[in-house]
Amino acid sequence: MEKIKVALVSLGCDKNRIDSELMLYKLNEEAELVKNPKEAQVIIVNTCGFIETAKEESINTILQMASYKKTHNCKVLVVTGCLTQRYKGELKELIPEMDIMLGVNDYDKLLESIKVFLKSGEKSFYHKYSDTKINEGNRILTTPTYTAYVRIAEGCNNFCTYCAIPRIRGKYRSRKKENILKEVENLAKQGVKEIILIAQDTTMYGIDIYGKKVLHELLRDISKVEGVKWIRLLYCYPEEITKELIEEIKNNDKVCKYLDLPIQQISNSVLKRMGRKTTKETIIDIIKKLRKEIEGITLRTSLIVGFPGETEGEFSELKEFVSDVKLDKLGVFKYSKEEGTSAALMEEQIDEEIKEKREEEIMILQQSISKDINKEKIGKIYEVIVEGTKEDMYYGRNYEMSPEIDGEIYFEKDENVKIGDIIKVKVTHSLEYDLIGVVYNELSK
């Protein structure tokens, strides 16, 4: 293929981002990558098909990119990702402007499909489903140079009643430890300091290929890689957290004292309807254990409000939990009715207006909790990875903050500080979600 200009628009989660980065590497061999789709002759949209708002964003983006065939330089429109895997037949009819459609296991066909279309105009529509294939290999990072996401497993075995991911991504399958370590070593050589481990469920890592959960072993091995400073864990199911994992987080200085626990709900009756393999008592017990065993640990969660049949009593129970447990970070999603899931067939679907009201109530409550938690940080000194500048301030994150979702620490510019540096910052002021401080040195003690 001649050096044709290609742009890739990536939507959705960071697992999708990794797929996009894998595609970019393959494309870079024979194409010129451009950031602005208006300049591109080939536009690739990597879609999300998880919840209704994500699907709408994906459809709107595809249609916008399709319009560039008339208004700009686009000759080939490629659509891939979770939406194409989930709605392959419907999309083909709905958007005839698509020239190539790939499922989540078809990225190896990307270059060849583009070449064929440019040569003959022949369209390609692949949507292979695989319970064995794992997308891995070299990537072109779309994150800042000091941070990278690393997927340790693909798919999911949980089959929660509201979630379509197992039907899109297949059953849970772990990557081999040696492949992950090789990837981390390559990333560290590129200057990456923060490794963020992701999967649909990171805590189940290894169960399928090693016969047991070995996330703690993986953390230990990654921490030995030269250049890696921080290792962050996302998507840790509380019921799967082992004592070995707790010990590793506690004793390994490179592992951030931070856990993302997607509990979704707290009422046992709602958890049962959701098909979750846990209980209120188990969730509260593991939170207490983590706080007792790991000093200074930050706990984040995501909640779903408006699940079918959610009563005022069940919602009050959730509010009481949020108020009593006071998790450090919290996000709320309104339940999204997804085709093909058993929850979509449940009676007593909740009105959108009630969902919005409940979402707002939880977030107002959490805002107050976060404000109080942040006040306690005044005077504390943190290691901060410097991310950028806004007006006359630098900003960055400490171990308590995951990229893009957890707030930032702002501090005055310092001529000795560069983006990507890890420095010490003393907190002087606090806001609801952000902190303000000064570079910590002899003068700021």
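Just so you know, glycine gets a Cβ as well, placed from its N, Cα and C.
Among CYS74, CYS82, the residue that Swiss-Prot places alongside CYS13, CYS48 at the [4Fe-4S] cluster 1 binding site is CYS82.
Taking CA atoms as the reference points, CYS156 ([4Fe-4S] cluster 2 binding site) and CYS82 ([4Fe-4S] cluster 1 binding site) are 14 Å apart.
Here the domain 'Radical SAM core' (142-372) returns a mean pLDDT of 96 for the predicted model. By the criterion of other Cβ atoms within 10 Å of the residue's own Cβ, the least surrounded of the binding-site residues CYS13, CYS82, CYS156 is CYS13. For the [4Fe-4S] cluster 2 site, the Cβ centre of CYS156, CYS160, CYS163 serves as reference, and the other residues of the chain with Cβ at most 8 Å from it are ASN158, PHE159, TYR162, ALA164, ILE165, PRO166, GLN200, GLY275. CYS160 ([4Fe-4S] cluster 2 binding site) is 17 Å away from CYS82 ([4Fe-4S] cluster 1 binding site) when you measure Cα to Cα. Across the domain 'TRAM' (375-441), DSSP helix (H, G, I), strand (E, B) and coil residues number 1 helix, 33 strand, 33 coil. Across the fold, the C-alpha of CYS160 ([4Fe-4S] cluster 2 binding site) and the C-alpha of CYS13 ([4Fe-4S] cluster 1 binding site) stand 18 Å from each other.
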